[in-house]
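Visitor: Take this structure first; my questions come after.
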Amino acid sequence: MSTTKRSVTTRPSTSSRNVPRGIWELARLHTRESWLCWYPSIWGACVAAGVSDTVLEPLAFARFLFGIWASVTATHCAFCTFKSVPFCFFVVPRYSSDYWHLDKHVQRCKVRPLPSGMISTPEALLAFVCWVPFTFAITWATLGPAVTVSFIPVWVLSVIYPFMKRLMPFPQVVLGAIIGGAVFPGWVGVTGDLDHLDQALPLFFATAAWVVYFDVFYATQDLPDDKKAGVKSLAVWMGPNVKILLAGLGILQIAFFAMTALRADLSLIFWILGIGVWAVSVPWHVLSLNLKDRHSGGSVFKANIKLGLYMTGVSLLELVLLRVHHAPMKVY
């Protein structure tokens, strides 16, 4: 670990109790992390329009995008809160709450709301309980019943995910399925079809590979602490060979994005500005990772937030130029 970087700061004692801010930060609303979750839904909608040859009416599609943003953000808030609550000891009583409270064991995370004392565990649990009906209601109200049904696998896997960091060496695979699964609500919102979601699988696999990829970069920040605490991750499992894994995941992303573009008959806009730029970014990410500097992985993770935003912009550009016209669109 580099000794030249700034050390992790701790919160002053005067700010240790701040429940509203604690709820805000537990939901990760002070970060851009939720962006990584709604990108795939927008990709799903854009690709579905190509596969189904759907013409979209601008205002209806704008309302749909708002629904996707609101629903995915609420889902992210709810389950980030859930992930932070060390309640798992109620389910597995032979372990203490500290065993499941991973933030206490990671230096970078000790300033988060629960370990810093900003909010108590019962208060955090109550916040999660409040997020659940809100998430369901906003999804149903803005996107309708079919899209709400397509969210169910995402919600179920989000309940399972926090346990996986203690129970399996590759929890990022579960996270990949969760965020990759956000492709399907976007797809269903355009097609209204829950029966032919196999058409969305190439995009799902591209997204899932990308999620595992960027989360492995993120996990390299905490390698010393994770090893000491027994936290499981692909970064810990692969150790010094992690760059081989990252390169393989990069190849998978590009291959599945190419398959997606072929099946949806996407234009050169997506091929050149989207896949082309993505293919150049992957080797740059892998070569930029310095395992001796725990801040290196965090920098590449942030670069992937920007890359996902860029791909979302490219997808919307192609959609607007080719498929958004003044014609009726039914949002399901």
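Positions of Cβ are set from backbone N, Cα and C atoms, glycine also.
Dumping what Swiss-Prot says about this protein:
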TRANSMEM  42-62  transmembrane segment
TRANSMEM  72-92  transmembrane segment
TRANSMEM  145-165  transmembrane segment
TRANSMEM  170-190  transmembrane segment
TRANSMEM  200-220  transmembrane segment
TRANSMEM  242-262  transmembrane segment
TRANSMEM  266-286  transmembrane segment
TRANSMEM  300-320  transmembrane segment
Visitor: For the transmembrane segment (266-286), what are the same-chain contacts with Cβ under 8 Å, counting residues 6+ beyond its ends?
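Guide: Result: 47, 50, 217, 243, 246-247, 250-251, 253-254, 257-258, 260, 300, 303-304, 307, 310-311, 314-315, 317-318, 321-322.
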Visitor: Where, among 145-165, 170-190, 200-220, 300-320, do we find the most CB pairs under 8 A to the transmembrane segment (42-62)?
Guide: 170-190
